[in-house]
Amino acid sequence: MTFRNCVAVDLGASSGRVMLARYERECRSLTLREIHRFNNGLHSQNGYVTWDVDSLESAIRLGLNKVCEEGIRIDSIGIDTWGVDFVLLDQQGQRVGLPVAYRDSRTNGLMPQAQQQLGKRDIYQRSGIQFLPFNTLYQLRALTEQQPELIPHIAHALLMPDYFSYRLTGKMNWEYTNATTTQLVNINSDDWDESLLAWSGANKAWFGRPTHPGNVIGHWICPQGNEIPVVAVASHDTASAVIASPLNGSRAAYLSSGTWSLMGFESQTPFTNDTALAANITNEGGAEGRYRVLKNIMGLWLLQRVLQERQINDLPALIAATQALPACRFIINPNDDRFINPDEMCSEIQAACRETAQPIPGSDAELARCIFDSLALLYADVLHELAQLRGEDFSQLHIVGGGCQNTLLNQLCADACGIRVIAGPVEASTLGNIGIELMTLDELNNVDDFRQVVSTTANLTTFTPNPDSEIAHYVAQIHSTRQTKELCA
């Protein structure tokens, strides 16, 4: 029997993991084993919110070395991370400045400035990317305005996954799916947009032309001396997660649920019309030339911060207590910029409820209930927006990623959206990473072929909508109120 051993390095905003995948060609089975899991998080350094890329690199190398120490022959390695953030290098490949995180406040006020100076519609027509205040476009503008002394030293700007691939191989690459998240790639040419780059203040020479997933960047020399190919996978973690979403037919939507929730659908063509612009829809690059038409939702970041501030260690117990509470007593907009990185998330949630004359969530369970209900309602709104955009309703929603283990939120989502929810796989980004590696090794034909493997090997759970649930009645009441207002307008 023929085996392939592929390693996925999957870095998220709150944790990272090195995973070993074993693929059996004859029976088309795929098994995952966690080799090394480690924490990731924000740090304060010289007045900036930053990432500790040295610690992350050490953890990656530790995980890879563990695989080699077991005597396993690695066939390939792939790295995926979050989007928009970058590392600057000089001509010798040494870092310039700090690896600033997207939650830093340095970009405050720059997005409206860009819209005024370049035109909101023009930016959107060029990039097809949603307006988020921390997009790379605004981060680079902040850098060039606030730290001009760094500019003469910069020779290269590498996005996070490309930086770690460079550290392993010594070769530079600019992978397409992640590059599109910057709001700097022209949606028609798939290359860096010169007008947007000019506004950012960055030099085009800092970047190489984006390359699509599936090429070998270079090789990592393992401790035993073997050269192991490092593959340019779909290096934006959501792009990898979508590859591993077992989407079945054109009426399937996906929700990649983690620190961020990203809801969308696959399309062969982008959506950049007025409706898409008004809804702030993004058209991020995917594998095989597909577009990930989606919308960012703040996601479980709010819960992560509450758990941290309240020092809650038993999440299952919290969810059980939350489930016993009535629904929809405390509703916030999770996508409000006030929740990007407040000093105290609990206080910020309570303030938002107070300002809208709602009861104030005080207990741990009440805060969690507020977050879960608010997310489910926002999921329903976004799914409706996406259906209107493409002119066709969805028949099912695939929730993938770590957040799909939250059965309460899955059921709330099914009830609020009125749609069948299929939860799983949990390690979607890792699996999608592995999928591209296997295609590069000529073990699989394409993304659809890989999804068949996922469908037969992953643990999937179905949640059926309950029209009699509290949140379903709440949604129906909102829709009725909206229709009445429209008739009376």
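Cβ coordinates are placed from backbone N, Cα and C, and glycine is handled just like the others.
The ATP binding site annotation in Swiss-Prot covers ALA13, SER14, SER15, GLY16, ARG17, THR259, GLN304, GLY402. Within its own chain, ALA13 (ATP binding site) has ASN40, GLY41, TRP82, THR259, TRP260, TRP301 as residues 6 or more apart in sequence whose C-beta sits under 8 angstroms from its own.
Taken from Swiss-Prot, the feature disulfide bond covers CYS68-CYS222 (among others), and the record attributes it to sequence analysis. Residue density at CYS222 (disulfide bond): 17 other Cβ atoms are found within 10 A of its Cβ, drawing on all protein chains shown.
Just so you know, the Cβ of THR238 (substrate binding site) picks up 30 other Cβ atoms within 10 Å once every protein chain is counted. DSSP assigns THR238 (substrate binding site) to a helix in the three-state reduction. What Swiss-Prot records for GLY83, HIS236, ASP237, THR238, ASN296 is substrate binding site, and it gives sequence analysis as the kind of evidence.
The Cβ neighbour count for ASP237 (substrate binding site), using a 10 Å radius and every protein chain shown, is 31. Per Swiss-Prot, active site, proton acceptor is recorded for ASP237, and the stated evidence type is sequence analysis.
Classification of CYS353 (disulfide bond) by DSSP places it within a helix. The number of other CB atoms found within 10 A of the CB of CYS353 (disulfide bond), across every protein chain shown, is 19. Annotation comment: Swiss-Prot describes CYS353-CYS370 (among others) as disulfide bond, evidence class sequence analysis.
Taking Cβ-Cβ distances under 8 Å and a sequence gap of 6 or more within the same chain, the neighbours of CYS417 (disulfide bond) are ALA376, TYR379, ALA380, LEU383, LEU397, PRO465. Annotation note: CYS417 (disulfide bond) sits in a helical segment as assigned by DSSP. Summarising the annotation, Swiss-Prot assigns disulfide bond to CYS413-CYS417 (among others).
Most buried of the disulfide-bonded residues CYS68, CYS370, judged by other Cβ atoms within 10 Å, is CYS370. Of all the recorded positions in the record (SER15, ARG17, CYS222, GLY402, CYS413), the one with the smallest CA separation from THR238 (substrate binding site) is GLY402. Comparing CA positions across the binding-site residues GLY16, ARG17, GLN304, the one lying closest to CYS413 (disulfide bond) turns out to be GLN304. Within 10 Å of the Cβ of THR259 (ATP binding site) there are 21 other Cβ atoms, across all protein chains. Other than GLY83, HIS236, ASP237, THR238, ASN296, the residues of this chain whose Cβ falls within 8 Å of the Cβ centroid of the substrate site are, in sequence order, TRP82, ASN178, THR181, ALA239, SER256, TRP260, LEU262, GLU284. Taking GLY402 (ATP binding site) as the reference point, none of the recorded positions GLY83, HIS236, ASP237, CYS353 has a C-alpha atom within 10 Å of its C-alpha. Each of the binding-site residues SER14, ASN296 was assessed for Cβ neighbours inside 10 Å, and the highest tally belongs to ASN296.
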